[in-house]
Amino acid sequence: MKLIVGLGNPGREYERHRHNIGFMVVEALLSRARAQLNQEKFAAKVGQGTLAGERVLFVEPQTFMNLSGRSVAEAARFFKVPVADVLVIHDELDLPLGRLQLKAGGGSGGHNGLKSIVSSLGDESFIRLRFGIGKPEGPNARERVSDYVLSNFDDGERREMDALIDRAMDMTELWIREGLSVAMNRFNRKA
């Protein structure tokens with residue numbers, strides 16, 4: 001069994017925010033798997049399905065981003081999913097919009113959701129699908145990060161979203177079918 005986690009903030013007001021791209025990808029994967037988030041446990045919405053021939057547990061933590069580790073750790077422990085079979089899909093400021101990257105382990109890069117997961121799992125070696133959202137530019141860019149991640153994609157960016165989410169789903173399915181190295185070699189080089 002694989003555990004696929006989409007990071008985001010709960011609530012309709014956050015639904016289309018850049019910070020919620022993890023939820024958006026999980027929703028698309030659920031459609032591909034003909035599954036749904038039909039349970040509430042581990043302080044998360046949870047559903048099971050089959051993707052690329054493998055049983056998958058889908059999780060969308062319903063805590064806010066900085067507490068999402070609790071949901072991930074509880075689900076992984078309950079279903080006895082090894083950390084190497086946990087994929088966390090999250091927004092990534094350090095990648096430009098349109099760039100997707102798979103990687104195993106690493107630090108949190110300042111991402112509070114990842115910090116929480118690392119702390120709760122006690123292990124940073126889980127797989128990440130980093131979905132580039134770009135970052136604010138210009139004067140006071142650092143101070144504007146919070147407003148930026150909690151903003152909606154603009155019209156031009158929204159037009160790109162379907163293709164990017166499709167690519168994220170393809171990356172996820174290849175990771176399930178053929179492993180991380182194959183998926184990284186195929187997709188991480190593409191812009």
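Heads up, the Cβ atoms here are built off N, Cα and C, so glycines get one too.
DSSP gives ASN9 (site 'Discriminates between blocked and unblocked aminoacyl-tRNA') a coil state; it is part of no helix or strand. As annotated by Swiss-Prot, site 'Discriminates between blocked and unblocked aminoacyl-tRNA' applies to ASN9.
A simple way to gauge crowding: the CB of ASN66 (tRNA binding site) has 12 other CB atoms within 10 angstroms, across all the protein chains here. Taken from Swiss-Prot, the feature tRNA binding site applies to TYR14, PHE64, ASN66, ASN112.
In this view, HIS19 (active site, proton acceptor) is surrounded by 24 other Cβ atoms within 10 Å of its Cβ, with every protein chain counted. DSSP classifies HIS19 (active site, proton acceptor) as helix under the three-state reduction. The active site, proton acceptor annotation in Swiss-Prot covers HIS19, and the record cites sequence analysis as its basis.
According to Swiss-Prot, the site 'Stabilizes the basic form of H active site to accept a proton' annotation covers ASP91, on the basis of sequence analysis. Within the same chain, residues at least six positions away from ASP91 (site 'Stabilizes the basic form of H active site to accept a proton') with a Cβ under 8 Å of its Cβ are LEU7, ARG18, HIS19, ASN20, ILE21, GLY22, HIS111, PHE131, ILE133, VAL149. When secondary structure is read from DSSP and collapsed to three states, ASP91 (site 'Stabilizes the basic form of H active site to accept a proton') falls in the strand class.
Comparing local CB density within 10 A for the recorded positions ASN9, ASN112, the maximum falls on ASN9. Overall, the recorded tRNA-binding residues TYR14, PHE64, ASN66, ASN112 cover a maximum inter-Cα distance of 16 Å. Around PHE64 (tRNA binding site), taking its Cβ as the centre, 16 other Cβ atoms fall within 10 Å, counting all chains. In sequence order, GLY8, ASN20, LEU150 make up the list of same-chain residues 6 or more apart from TYR14 (tRNA binding site) whose Cβ falls under 8 Å from its Cβ.
Shown in sequence order, ASN9, HIS19, THR63, MET65, LEU67, SER68, GLY113 are the same-chain residues outside TYR14, PHE64, ASN66, ASN112 whose Cβ sits within 8 Å of the Cβ centre of the tRNA site.
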